Every structure is written in structure tokens, then in C-alpha cells.
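Trainee: What follows is a structure written as C-alpha cells; I'll ask about it next.
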Amino acid sequence: MIRAANLGFPRIGRTRELKKATEAYWAGESDAGQLAQIARALRHQNWREQADAGLSVIPSNDFSFYDQVLDTTAMLGAVPPRFSGGAGAQAPGTVDLDTYFAMARGTDDAPAMEMTKWFDTNYHYIVPEFHRDQQFHLASTKPIDEFEEAKAAGVHTRPVLLGPVTYLALGKAKESDLEPQDLLERVLPVYEEVLKRLAAAGADWVQIDEPRLALDLTDAERASFPAAYKRLAAAGPKLMLATYFDGLRDNTELAAQLPVDGLHVDLVRAPDQLESVLQALPGETVLSLGLIDGRNVWRADLSGLLPVVEQAKRALGADRLELAPSCSLLHTPIDLEMEDQLDAELKSWLAFAKQKLHELSALATAGNHGRDAARQAFDAADQAIRARRDSARVRDPKVRARTAAITEADKQRHSAFHERRKKQQKHLQLPKFPTTTIGSFPQTREVRRARGQFRRGEIDARQYEDFLKTTTEQAVRLQEELGLDVLVHGEFERTDMVEYFGEQLEGFAFTRHAWVQSFGSRYVRPPIIYGDVSRPEAMTVKWSAYAQSLTDKPVKGMLTGPVTIQQWSFVRDDQPRRETCHQIALAIRDEVQDLENAGIRLIQIDEPALREGLPLRRADWEGYLRWAVDAFRIASAGVADETQIHTHMCYAEFNDIMAWIAAMDADVISIETSRSAMELLDGFVDFRYPNEIGPGVWDIHSPRVPSSAEMRDLLSKAANVIDADQLWVNPDCGLKTRGWPEVEASLKNLVTAAREMRRAA
Ligand code: GLN
Ligand code: ZN
């Protein structure tokens, strides 16, 4: 029989119960017992939900209080030394809850472990830290406990573990001569022990995630896989080796030859790999087909998928087949039924985690007994797919004609940078080391309260607007007093840099409950791009023009770029991302034009997500960068030479894509560098960045106020690798999470630092 299987279910709860419970615990408003109780209820509900949906394979240990990579660190006892001596009463050898949270969030004495993005998702994991003398031991029995817990509730589960090779690859060695894979022999005994204990508890199968297999591997990683799995295969339970986020490509043989009992492949990201996987799969190995999109919200085309199931069934037989989501459903919202404000038509095109379980179940039924056995589900899916394809809300001929007509000239500023620069200098009359900020000013409690009151109808549009005007004017006055050279309006009217634009664009839908975990207790609610994107009217001109009307200093217009708007949304699956991105780019281009017409002389188009959109495989980078950089150029190139285009990115790790960053041809780019004391600028030594650049001199991630001497020191360092003429002076990022007192003090020092640099120059 073909089995419907799941790889992981969202753990946050339908009404964000986990967030509320953990935050209450952190705030000391509840105790560990209460937190554990809520966690248990969430797990039970998820198991029930999956059993009720008819799934044959239900995961356990997919729950986490914070992050599954951190769970693995806890399981392996790999607690960095700075957390083990703390105040928490820690039983020898085990990682208690407070140590666990301390690693994620830091304490007064020990900074938190680093956090970074999980592959190409917007989920963030806690980066393991490894030392040369690193030891591992079983320090958390969570996988076994949760298996037992499910068993006691009458649900037989397949526990999920993060595999050793990927786990090590995700970590960072603290010494430069240590390669994480060197530690493989030391982690394997702990994995073996966990597997043995799971077997003893009654687990026949264990899902072991090795998404690294879908990436370009180092030689060390390539060697680790056979070494690891030879040992783990002997530990007891059968292993379902799960790969996802891309195809196996050149690692197909490697994966198929590992001594495991099952292999899961992502057929959403890489549908073409089915043939080669079927061919490479040996003897009795079970194949899990990742057919339902675990990264997006669209309803599956069941009729389109059934032939794939049938093909695999012909090749392997039903008993060797499982149908699954492409990856864990962690990356999708939980239940579409809760969306009471989406219109019925749009809703019929969507499927969230719960709905995806039913899709899997229907597909398995049809695979086993024919389409008629799951007729209702198939008919409904057919109808929805057809309706979506033919809907006038999805395709806008005017938009399509416009993207089709984009020319090379549309991507090209009138003159080259050195020409534009002369004109801009004349037009803007800025001093050397010009000072500015990245856009947002503190979103204080008052700002959020006024927005809430307006949304609830407690104040009217007029009152809200008056509030925003007053706040904006105060920000402008303060910037004048501080002596900043290029002002901003402060972005008080915006909640979020994507939502603000999405709400004003055609083709976007917003949900009320569709939260997805970003990290720890932080969840996001990405917009859904469902149709061709266009801009009915100007989106930002009013606020920029208002701010400019208050001052003679130039006010910089502030936009979010097309790549970022798309990257932080659920994207269309019915056309290439490039197409949607260029539609958004044209909308932003119109906005840029309107800002210019309204007298705005500098316009910043933020692209903080450009780098995270990079494909996982190096071979795909160029294809992506070409359309992504094009999108920025389409958005920005319509202006006169005199108008200065800025961009901002929240990082500076682009040594490997520097030429592409330069190809965006922004007149000025601001980036984050202060935390690394300008070390990130090393890339600028090898590649001379041609345009102007503002390396952040103030780490806005902490409330600390840097002195002007510190900032001057950073600027001098920057001036070693970048021409002083090219340098701008600004913070690392926007100031929306900061408070006014530290903003005022820091900006004062920032202006002083710039003035001293000018004097010394
Ligand atoms: N302009 C935005 C701000 O200042 C940029 C934020 C970002 O890049 N993440 O808030
Ligand atoms: Zn930023």
C-alpha cells in the first residue's frame, strides 16, 4: 500500500499558543510546568489532526520550544562553555530548559549563540559552536520522550532527527583549523544511542533529515555520509533519509547508495529528479515522494500529480512508496479555515498545513484504489485549479504587455555613474562624508497605539493622519537640529516594509491568522501574491512630499525593492519568480517617478533580501542574480541623472557576488558593517566598488550608544579600503526598534564623527 506520510507539522499552535506560553515563561509569569502542559497539548492536537486526516506516517520530535537545530545541540550536549556555569540548577549531563533558552537568547553574562537562516527559508536556526576539544554526550532524551508520549496517546509515530552530517555542516568551528566534519566520529555514538533507545521504545522507523544532500557538498561532507550511515544503519530502526529544498543532482548516487531503508526527495523544487532517483534507488529502498508543496500555500493539482504517483508505483510497487510534503510543513501556516476574511474564490485556491494533510491522504487513496476512490477531493481540486487558471483576477493583460515590453534601455540610467555623480554633487550640494539614516525612526508605543486605535475605529482617519503628521514633523525637526545632511520622514505610517506596499498593490492578499515561525517566538505573516501586480496609485509620495515641505534639507524617499517584496511573500507557483518580480519592479518604477516629480531628490530602494534569495546551488546563482539585479535596475533607472538612487542591505557579506551588487548601479549603497568592525569590507579590497557607499558605523541591534571616537575609528578603517570621497556616514540599519533617547544620542555622535572626518580630510 502507498502510505501518506508527513515530515513535520507547525508547532506554534493555531492561535499562537506556543508564543504566548514561552513569552509568559520568559517573563516569569508562568512556570515550567505550565509551559510543558501547553506544549504537550499542542503536540497531542497535532498528532490527532494528522491521524484524523488519514495519514499513515505521523512524525514526532518535530515539536520544539525554539528550534530543531538547538534541540539537536541539546541532545548532543554541545552547550558552549559560557552557558554551563550559569545560575541555573543543572543536573549533571542534561540540558535543562533555562540553559536551552539561554543559548538561544543569551543572559547578562553570556551572549546568545548566533542565529542564521535555515537554507533558503525565512526560518532561523541557532548556529552550533564547535571547539577542537568538543565532546558530545546524550544530554536530552526529547526524541524518545516525545515518541513515548505519542505512543501513550495511541499514536505510533516516526520520530524526526536532524542528521549528523547536516547538523555539523550547519555549525561553526571556533578554531580556524577545525572542520566541523572532523567531529563526525564524536557525534555518531550519541546518534547511535538515541536510535537504540528509540528502537527499544518501539520505533520501527526514524526520519533522519539531511537536507545538505540537496546542496553542493565539500569533499569532507561527501566522505561523511557513507561513514555516518554505515554506523547508524546498524543501530536498530529503519531510516527514512529526508532531503529537501532542492534536487539531489550530482549527489543522487551518493544518497541512493547509503545503507538506509528509505529516501525522501523534494519533487516540488525538483520534479525532474524522479527519473534519476528511480533509476538509482537500490533493491528494497522505500521512496518518499515530496509532492505537496511544504513551502507555499497553493492548493495542489491532484490530477496533475496522480500520474507521477502511478509512474513511481509502476517502477517500485505500492509498498515501496510514500507520499509526503516536499519538506516539513513548518514553513506553512496551519489552517486555512480560520481565514474568515479571505474571499471564497481566493480561499478555494489555497491549502495550508491542515489542508495539505488531506491532499496527501486523497492522493494516497487514489494511488492505491484509483481516482474514483478519492473523487470528491479530486473534483474539488480540479475545479479550483481551473478557476484559478482562468480567473481575471490572476492575469492582467496590461501588466503582461508591460513586462513583455521591457527593454534594455529601461534598465539603464541615462549616463554612467561618473557623469551622474557630477550632476548630483551640483544638485545636492552635500559635504564630504554626508550623514543620513536608513529610513525608519522608533516605532514607539505611541505610534503603535495610534495605529491600533485607527484600525479599531477608535480614532478616525483624520485624527490618525494628524498624529502621523505631528510625529513626522518632530522627526524632521530633530534631524535638522542634529545637523544630518540627508533627512528621512521616519516611516511612522508603516507597520512592515513589505506589508505597507503589498496592501497598496493589486495582486496581493493578506491573512489574519496565517503565521509562520521565523525564529523562536517570532512569527511572520507573509502576504500572498496571487495575481499580476500593479500599482493603482502612488504609495509613498504623500509622506515624503510632506516631510520635504517642512525643510530645505533634502529628504530621501523610501521604498522597498521588488526582490525583497517578493522574497518575503508567498509567491505564485503558476509563473516564474522572475516574471512576478519584474511586475513589482515596474510598480516601484512608477513610484520612483512620482517621487521624483514631487521634488524628492534622493530615493532609497531597500533590498535587504537580495542575498537570501540566492539559490542553494551555485550553478543557479547567475540565473537568479541576472533577473534580480535587472529588477532593481528596472525599478530605479527611470530617473534623471540628478536624482540620486540609494539602496540598503542589512549585511555586507557579498564578497562572492560583489560584481552583481555593483551591477545594480545604485549611486549609493548602505550596508551593515559595524558589528564586524568593518571586517566585512574586505571584499571591497579585491573588487573596487565603483559607486558611493555607507558602511554602517552604529550597531542598531543593541541599545548601546557608540561614542563619536568609536565611529570615527570605524570610518578611518573604512577609508583604508574605500576612497574617502565615496564614503557616507550612517547607522547599520533602520531605527524602528530603538528608543528615542539612544537614537538622539547616537546620531549626535554620528554627526560629530562625520564633522571630524571632514576636518581631518
Ligand atoms: N528603510 C527600512 C528601515 O529603515 C530598511 C529596513 C531593512 O532594511 N530591513 O526600517
Ligand atoms: Zn537593514
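Sequential numbering from 1, following the chain as shown.
Keep in mind that glycine also has a Cβ here, set from the backbone N, Cα and C atoms.
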Trainee: Just to be sure I read the record right: ARG16, GLU17, LEU18, LYS19, TRP568, GLU612 are listed as binding 5-methyltetrahydropteroyltri-L-glutamate in TrEMBL. Which of LYS117, LYS542, LYS553 is listed for the same site?
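Mentor: Looking through LYS117, LYS542, LYS553, the residue TrEMBL assigns to the 5-methyltetrahydropteroyltri-L-glutamate site is LYS117.
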Trainee: Look at the L-methionine binding annotation in TrEMBL, where ILE438, GLY439, SER440, ASP606 are given, and name the residue from GLU481, GLU491, GLU493, GLU653 listed for that site too.
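Mentor: My reading of TrEMBL gives GLU491 as the candidate in that site.
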Trainee: Indicate whether LEU18 (5-methyltetrahydropteroyltri-L-glutamate binding site) is helix, strand or coil by DSSP.
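Mentor: Looking at the DSSP assignment, LEU18 (5-methyltetrahydropteroyltri-L-glutamate binding site) belongs to a helix.
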Trainee: Say you check the Cα of SER440 (L-homocysteine binding site) against those of the binding-site residues ARG16, LEU18, LYS19, LYS117, TRP568; which is nearest?
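Mentor: Minimum Cα distance from SER440 (L-homocysteine binding site) across ARG16, LEU18, LYS19, LYS117, TRP568 lands on TRP568.
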Trainee: Expressed to the nearest Å, what is the distance separating HIS701 (active site, proton donor) and LYS19 (5-methyltetrahydropteroyltri-L-glutamate binding site) at their Cα atoms?
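Mentor: With the alpha carbons as reference points, the distance is 22 Å.
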Trainee: Between the Cα atoms of ARG16 (5-methyltetrahydropteroyltri-L-glutamate binding site) and CYS650 (Zn(2+) binding site), what distance do you get, rounded to the nearest Å?
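Mentor: Their Cα atoms are separated by 28 Å.
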Trainee: Nearest of the binding-site residues to CYS733 (Zn(2+) binding site) by CA-CA distance, picking from GLU17, ILE438, GLY439?
Mentor: ILE438
Trainee: Given a 10 Å Cβ-Cβ cut-off, pick out the one of the binding-site residues GLU17, GLU491 that has the most other Cβ atoms nearby.
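Mentor: Going through GLU17, GLU491 one by one, the largest Cβ count within 10 Å is at GLU491.
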Trainee: Using DSSP and three states only, what is LYS117 (5-methyltetrahydropteroyltri-L-glutamate binding site)?
Mentor: strand
